[in-house]
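Notes for the one structure printed next.
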Amino acid sequence: MSYKLAENSFRSVFKTIDTDLVRWFPGHMGKGLKQMQQKLRSVDCIVEVHDARIPLSGKNSDFKYTVSGLKPHILVLNKADLIEPSRKPAIVKSLKTDYPHVVFTESKNQQCTGVKKIFPLAQELIGESNRYNRANAEDCNLMIIGVPNVGKSSLINAMRIRFLRKGKATSVGAVPGITRSVLTRIKLCEKPLFYMFDTPGILSPNIPNVETGLKLALCATIEDHRVGEGILADYLLYWLNKQQRFQYVEAFRLDRPNDNILEILSHIAKVNNKQIKIRDTLNNYLIKPDLNLAAHIFIKSFRNGDLGKIMLDDDLIKLK
Ligand SMILES: Nc1nc2c(ncn2[C@@H]2O[C@H](COP(=O)(O)OP(=O)(O)OP(=O)(O)O)[C@@H](O)[C@H]2O)c(=O)[nH]1
């Protein structure tokens, strides 16, 4: 649906944010990174996984210097089911300099779309590379790397199901930080013999700016409570309005687009019958809309794809 709106109906910049979120780097990530570096001698090809909704903001640019620089490298953009297929060429073009080999995957669906492209490409790149100490090795070792919660474990499981006809080897979860064990070697394929080192999600210690941090958080790579669901919901609303993506109006049965997050959340709480009881200064109970739960519902609807197929880096890619 299209709406006739005045040019200045919406915010043009997103303000008010606790900038501490961009410095979040828990200790176990530093340890994980060191263990990955120590294992590099046994690795033939790096499979770096990003969330396709944030192909630019989602990358950990430090990987280039710490783990992936010297090895053949494939960039997998997973969760491609959540973006518009027509955006793929523009994404590939904008990543071309840093990532010449890009594969889009959907590792949650039954067909595991895109997953079958990874082995032939890995074989080709390994064949063209100097394997140094592993020149005579018959098996090939891949190492999967990426920020938390982008679907690394799902991808490993999808590959095993597809090529080994075996079930899950590693746990999957909707919150970041499920994979803590570093460098378990998992068999993926018998002929050719391929293994994968699983690794925990690693965020960059220096997320370059607040908007990048908010996009990472909206895609659930940072735990919600570290940023605050209210802030996340407000950023989502700001982004949707700025990009004129108004599917939320219909999804939440609103009259029109609105840039005021409190009004939107009050409405969502009301239609979902989510209220809380609070005491006023005279000790009387008041019934108020549960804005935290409403923020949770709003964010979840984006994550489930209920607000449309949204690529959060569309704003950056359009500028390129
Ligand atoms: N829509 C969609 N969701 C996916 C896809 N792949 C994985 N997921 C979901 O994303 C969430 C995270 O998946 P995991 O495989 O645990 O991600 P991970 O990168 O191993 O996570 P960490 O262990 O935290 O680093 C889960 O809820 C998955 O079901 C996909 O292709 N599409």
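Each position is counted from 1, following the chain as shown.
Keep in mind that glycine also has a Cβ here, set from the backbone N, Cα and C atoms.
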Listed in TrEMBL for the GTP site shared with ASN78, LYS79, ALA80, ASP81, ASN149, VAL150, GLY151, LYS152, SER153, SER154, one of GLY30, GLY32, GLY201: GLY201
Neighbour tally for SER153 (GTP binding site), based on other Cβ positions within 10 Å of its Cβ: 23
Max CA-CA distance, Å, over listed GTP-binding residues ASN78, LYS79, ALA80, ASP81, ASN149, VAL150, GLY151, LYS152, SER153, SER154, GLY201: 21
PLDDT averaged over the residues of the domain 'CP-type G' (33-205): 88
